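S.K.: Feature table excerpt (TrEMBL):
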- 11-82: domain 'MIP18 family-like' (DOMAIN)
- Gly122, Lys123, Gly124, Gly125, Val126, Gly127, Lys128, Ser129: ATP binding site (BINDING)
Amino acid sequence: MADAAPPTPTEQDVRRALDRVMDPELRRPVTELDMVPRVSVQGDRVTVDLELTIVGCPAADRIERDVRAAASSVPGVASVDVAVGVMAPAVRDALIARLRGDRPAMPFTPDSLTRVIAVTSGKGGVGKSTITANLAVALAQQGLRVGLVDADVFGFSIPGLLGIAGAKPTRVGEAIMPPRAHDVAVISIGMFVDERTAVSWRGPMLHRTVQQFLTDVYFGDLDVLVLDMPPGTGDVAISVGQLLPHAEVVVVTTPQKAAADVAERSALVARQTGQTVIGVVENMAGLAQPDGSVLELFGSGGGAETAERLGVPLLARVPLSIALREGGDEGEPIVLVDGDPAAEAIRDLARAIAARGRGLAGRPLTVSPR
Ligand SMILES: Nc1ncnc2c1ncn2[C@@H]1O[C@H](COP(=O)(O)OP(=O)(O)OP(=O)(O)O)[C@@H](O)[C@H]1O
């Protein structure tokens, strides 16, 4: 009996295969993004026109490779040619408008489905950024879609903590595509200024920057937006309070009793702007010694005291941990590793926050009483 003739591929077969190719930044299929204006099939030879959103798109090689692999996987296809070009500005603008849909200019409104978690502290150096970076990754590990805004404009450290110190966002028209690290979409002032530059802006400039992070950065649909706030009660805290009155605030403090006062103050500013303080994290708690004893380097009780004064739960006690510190220095968050007590504490924190669900604070009620 003669072998069955190889199937003759059609344009539709190839397009269906290309539906599986995702743009890594926009996280939608290239076919849906108008990036494949033409597919031509002649016998067993396929030519795909691929139009990238911008010249020098950093993901160009990967998208081209994925397109080639997908088209080649169609039964009956012997060769694939990918002709790479760039979208006409009008097509790109229409795409951006479509992606934004009829979303409001500021997508993180009180009635959006995205929870906003702002991590704050009374003073610097208590490990707020380290906790925030790890918390964001731990939330993503639970399958949530997570964005992270480094609003600590004067002491931005999030890119380094997540191992993307040199990353620059891609601009597509007016929209800014946030770099991704460990499944978290990240934006930081550190991506726009020279790393050694000291940011010395005053209030209005800071307000505009935070606002731009929230409006011009294309995060797509998020379950949680995490913010690393600057320590204390300055201009950014007030701007974020105005822009995100429905944010849920987590206060990080150390076990030192003296830290409780300043930690409480930052929480009170958040409350004044209408935000809800959901709990306290005590960081740099006791360091476990090889003999089983615990070294309370920074004393004990500061977290519980702050929580009590604010009338909120103590959500986690994260111990002093050399691995946590090293993970930060190397850009490999400790929550990626199993077994470390600090990682466990932060994973429990992420679970507690996720389980809490979205509160009703600041949200319009959808049912009216009869
Ligand atoms: N639990 C911990 N154990 C050991 N080292 C820690 C711990 N938490 C944070 N650190 C270290 O403490 C230092 C300060 O941490 P981090 O930069 O996260 O603080 P911060 O509160 O965000 O400070 P700032 O707001 O001033 O930027 C870093 O070197 C970090 O690695």
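Note that Cβ sites are derived from N, Cα and C of the backbone, with glycine treated the same way.
Provide an account of the burial state, proximal residues and distances for the features listed.
M.R.: Annotation for Gly127 (ATP binding site): same-chain Cβ neighbours under 8 Å, separated by at least 6 residues, are Val252, Thr254, Asn283, Met284, Val318.
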S.K.: For ligand 1, which among the binding-site residues Gly122, Lys123, Gly127 have a CB under 6 Å from it?
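M.R.: The qualifying binding-site residues are Gly127.
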S.K.: For a three-state summary based on DSSP, what are the helix, strand and coil counts in the domain 'MIP18 family-like' (11-82)?
M.R.: 21 helix, 19 strand, 32 coil
S.K.: Among all chains shown, work out which of the binding-site residues Lys123, Gly124, Gly125, Ser129 has the most CB atoms within 10 A of its CB.
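M.R.: Counting every other Cβ within 10 Å of each candidate, the maximum falls on Ser129.
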S.K.: According to DSSP, does Lys128 (ATP binding site) fall in a helix, a strand, or coil?
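M.R.: Once the DSSP labels are grouped into three classes, Lys128 (ATP binding site) ends up as helix.
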